[in-house]
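*Asks:* As listed in TrEMBL for this protein:
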TRANSMEM  12-33  transmembrane segment
DOMAIN    13-421  domain 'Ammonium transporter AmtB-like'
TRANSMEM  45-67  transmembrane segment
TRANSMEM  110-130  transmembrane segment
TRANSMEM  137-157  transmembrane segment
TRANSMEM  177-198  transmembrane segment
TRANSMEM  210-227  transmembrane segment
TRANSMEM  239-260  transmembrane segment
TRANSMEM  272-291  transmembrane segment
TRANSMEM  297-319  transmembrane segment
TRANSMEM  331-352  transmembrane segment
TRANSMEM  372-395  transmembrane segment
Amino acid sequence: MANFTHDHGDTTWVMTSTALVYMMTPALACFYGGLVESKNFLNQLFLSIVCMALVPVQWCLFGYSFAFGSGNSVFGSFEYALDRKIGLVNLYGENVDAINPLTIPSLTYSAFQCAFAIITPALISGAVVGRMKLIPYMIFVFLWTTFCYDPLARWIFFNEGWLHQMGVIDFAGGLVVHMSSGVSGLVAAFILGSRAHFDPDVVNSGQTNLPFTIVGTGLLWVGWMGFNGGSALTATGNAALAIVNSNAAAASSMSMWIVLDIIHGKIRGQNNVFVSIPGVCSATVVGLVVITPSAAYIQPGYAVLIGLIGGFVVNLFLAGKKHFFHVDDTLDVFSCHGLGGFIGTLTTGLFCQTDVSRDVKNGAFYGNPIQLGYQLFGILIVTVYSFVCTVAILLPMHFTIGIRINRLDQVRGLDNVAHGVVDIEALQKVTQKKLPQVKPKPNDINVPSVVSIEEK
């Protein structure tokens with residue numbers, strides 16, 4: 001087995017990016033947590049963080065081998081199970097992974113891809129806020145990662161995957177991460193049903209920890225530099241371009257959202273400028289989502305345009321959602337990630353250029369309209385497959401062990417029901433409520449007090 005010298009710069013960059021992407025899961029927990037009611041705040045943090053316990057175990061046991069091990073264009077194998085083969089050999093700087101020829105060690109690549117596998121099911125948790133049992137949720141995360149995420153990663157990220165070989169372009173996960181989680185989140189919300197007291201006409205209800213959402217947004221933005229920049233797998237201009245385009249798209253989407261908020265406020269007759277904090281935070285994420293499939297394949301000017309398109313379309317979709325779309329997708333996972341992934345994948349087929357990256361063919365705007373067809377086919381496959389997997393996992397549990405928290409426990413809140421946390425402040429508010437005044441009896445009115453005074 002021949003020795004292989006890895007590029008230290010590439011390895012350092014991808015390892016740094018791995019840490020940044022790992023940080024995104026706690027950042028997502030903060031982002032989601034700030035958007036839910038206080039009684040479900042800790043539970044929402046847990047639903048994201050628990051993925052950091054479940055998915056790395058699955059990834060080490062067989063997930064990486066299923067997605068990137070030997071096999072065919074559809075299925076992997078158990079050859080790299082337990083990271084046994086790549087773990088032992090790469091300690092001596094040798095490259096055993098001939099099917100993934102990289103300038104970085106296979107263990108580095110495995111760790112980087114594991115970070116993606118962690119955050120993808122965590123995204124789904126935003127659609128099931130306050131009403132899903134813990135054990136069924138954890139079973140779902142493990143099974144969904146195995147039967148949905150791993151195959152999609154093989155088909156699209158793996159060099160010999162059948163969709164990759166066909167020509168479907170997804171630089172960093174517009175299909176594999178965002179569309180799959182968006183569609184699955186919508187299906188999960190539909191199967192679970194709405195929360196107790198859910199009202200689609202009520203906007204921004206229960207958002208009591210918005211500072212957490214703002215902090216989470218900032219950390220997600222920083223982490224996305226590793227998410228997209230690290231996906232180049234080299235410390236070259238491709239990584240730099242991905243970072244520049246990611247920032248441009250996020251900023252333009254946020255700007256578009258602010259403008260639309262101001263316009264909507266004027267239409268409603270508001271004298272002061274109104275800008276929604278949750279909206280601006282969501283706009284940032286939407287901009288980062290829509291640029292993900294094409295981050296290293298387009299010019300920065302197109303990144304600005306894609307961000308504007310994403311912010312505009314998702315904003316309008318959310319504005320009409322409460323009137324026409326009454327599924328309780330609590331934190332708009334489908335709107336931001338499903339629809340955002342769709343927009344990003346579609347625009348990739350329009351604007352990608354061979355002159356920008358030799359890894360892709362030209363898009364429809366550069367004389368290759370068939371690329372748009374490939375992107376649409378990829379969207380169709382990911383949508384249908386994610387739908388089928390989510391239904392196949394959740395419905396059997398729904399009719400056997402049950403997956404939904406009962407209505408009374410939903411009202412109490414999952415912080416208490418699932419984690420045993422008692423909200424002291426809420427109890428104090430209850431005890432401090434004023435009791436109704438009791439009217440004095442007629443005999444007690446104007447009765448003088450008799451005080452006996454003894455003379456000395």
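Quick reminder: no glycine exception, Cβ is built from N, Cα and C everywhere.
All annotation found in TrEMBL is predicted automatically rather than curated by experts.
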*Asks:* How about long-range neighbours of the transmembrane segment (177-198): same chain, 6 or more residues beyond its ends, C-beta under 8 Å?
*Replies:* 116, 119-121, 123-124, 126-132, 140, 144, 148-149, 152, 289, 292, 326-330, 333-342, 344-345, 379, 382-383, 385-387, 389-391, 394-395, 398, 403-404, 407, 410-411
*Asks:* Six or more residues out from either end of the transmembrane segment (12-33), which same-chain residues have a Cβ under 8 Å from its Cβ atoms?
*Replies:* 41-42, 44-45, 47-49, 51-52, 104, 108-109, 111-112, 115-116, 118-119, 122-123, 125-126, 129, 209, 212-213, 215-217, 219-220, 222-227, 229-231, 233-235, 239, 281, 285, 331
*Asks:* Any contact between the transmembrane segment (210-227) and the transmembrane segment (272-291), i.e. 3 or more CB pairs below 8 Å with pairs at least 6 residues apart?
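*Replies:* Touching, yes - the transmembrane segment (210-227) and the transmembrane segment (272-291) meet the threshold of 3 or more Cβ pairs under 8 Å.
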*Asks:* Can you work out which residues elsewhere in the same chain, 6+ from the ends of the transmembrane segment (272-291), have a Cβ less than 8 Å from its Cβ atoms?
*Replies:* 31, 35, 174, 178, 204, 207, 210, 213-214, 216-217, 220-221, 224, 227-228, 245-246, 248-254, 256-258, 261-262, 264-265, 303, 306-307, 309-311, 314-315, 332, 336-337, 340-341, 343-344, 347
*Asks:* Quick check: do the transmembrane segment (137-157) and the transmembrane segment (239-260) share at least 3 Cβ pairs under 8 Å, counting only pairs 6+ apart in sequence?
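*Replies:* Answer no, regions not in contact.
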*Asks:* Mark yes when the transmembrane segment (297-319) and the transmembrane segment (110-130) have three or more Cβ pairs under 8 Å (sequence separation 6 or more) and no when they do not.
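*Replies:* Between the transmembrane segment (110-130) and the transmembrane segment (297-319), contact is absent.
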*Asks:* Residues sitting near the transmembrane segment (372-395): Cβ under 8 Å, six or more positions beyond its termini, same chain?
*Replies:* 140, 143-144, 147-148, 151-152, 155-156, 163, 166-170, 175-176, 179-180, 183-184, 187-188, 191, 342, 345-346, 348-350, 363-364, 403
*Asks:* Six or more residues beyond either end and a Cβ under 8 Å away: which residues meet both conditions relative to the transmembrane segment (331-352)?
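*Replies:* For the transmembrane segment (331-352), the nonlocal Cβ contacts are 32, 35-36, 123-124, 126-127, 129, 169-171, 174-175, 177-179, 181-183, 185-186, 189, 282, 285-286, 289-294, 297-299, 302, 305-306, 309-310, 313-314, 317-318, 321, 360-366, 371-376, 378-379.
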*Asks:* Any residues 6+ beyond the ends of the transmembrane segment (239-260) with a Cβ under 8 Å from its own?
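*Replies:* Cβ under 8 Å, 6 or more out: 13, 171-172, 221, 224-225, 228-232, 275, 279-280, 282-284, 286-288, 290-292, 294-296, 298, 300, 303-308, 310-312, 315-316, 356.
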